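Everything below concerns the one structure shown next.
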Amino acid sequence: MSVLNVLIYPDERLKTIAEPVTEFNDELQTFIDDMFETMYQEEGIGLAATQVDVHKRVITIDITGEKTEQLVLINPELLDGEGETGIEEGCLSLPGLRGFVPRKEKVTVKALNRQGEEFTLHADGLLAICIQHEIDHLNGIVFADYLSPLKRNRMKEKLVKLQKQISRHQA
C-alpha cells in the first residue's frame, strides 16, 4: 500500500466534480487500500478521492480511526436527511483548521461497495456528518466554502503560510 499526496486548500483541483466509477477492477481495489492507508497515516476519519487528485466518486471512512470499521462508498447518493446538527469540522485538505458547518443529523445514502454491489445506509451522528463532508468533496466543495468570506480568506492565508514553512523545511 502507498500513502497518497493530499491536496491542500486552496488548490483548485479540490473544486473538481468527481466522475462516477464504472470499472471495478484490481486498480480500484489498490486505490481504495491506498486511500485507507493515507487516511490513517494523516489521522483522518474520512477521505474522498478528490482530495488525492483522483476525480472519481470514491470515499473511505472509519470514524473509529482504529482500522476496525472501514466503510467504502462508491458513487454515493444522499437520498434523505433529517434534523439539524453541526460540529467544528476539520479536514485533511485544511490541516490544523476547523470550522462550524450545519449538517443533517441523520442521512440515508445509497452507494456501491468495493465489489460494485449496491447498498443503502442509514447513518446518524458523526458518521452522518462525515458522509456529508466527504460527498461535498466529490462535488467540489470544501467546508471552508460554508464559512463567511472573511473566515475563508483567513484560512487561505494560514494555509499559504503553512505551505511556505513546509517548503522551506524540505529544501
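Glycine too: its Cβ is placed from the backbone N, Cα and C atoms.
Taken straight from Swiss-Prot:
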- Glu134: active site (ACT_SITE)
- Cys91, His133, His137: Fe cation binding site (BINDING)
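Sequence-ordered, the extra residues of this chain that approach the Fe cation site, with Cβ no more than 8 Å from the Cβ center of Cys91, His133, His137, are Gly46, Ala48, Gln51, Glu89, Leu92, Ser93, Glu134, Asp136, Val142, Phe143. Contacts of Cys91 (Fe cation binding site) defined by a Cβ separation under 8 A and a same-chain sequence distance of 6+ are given as Tyr9, Leu97, His133, Val142, Phe143, in order along the sequence. All protein chains considered, the CB of His137 (Fe cation binding site) has 25 other CB atoms within 10 Å. Less than 8 angstroms from the CB of Glu134 (active site) sit Gly46, Leu47, Ala48, Ile59, Ile61, Leu73, Pro76, each of them six or more residues away in the same chain.
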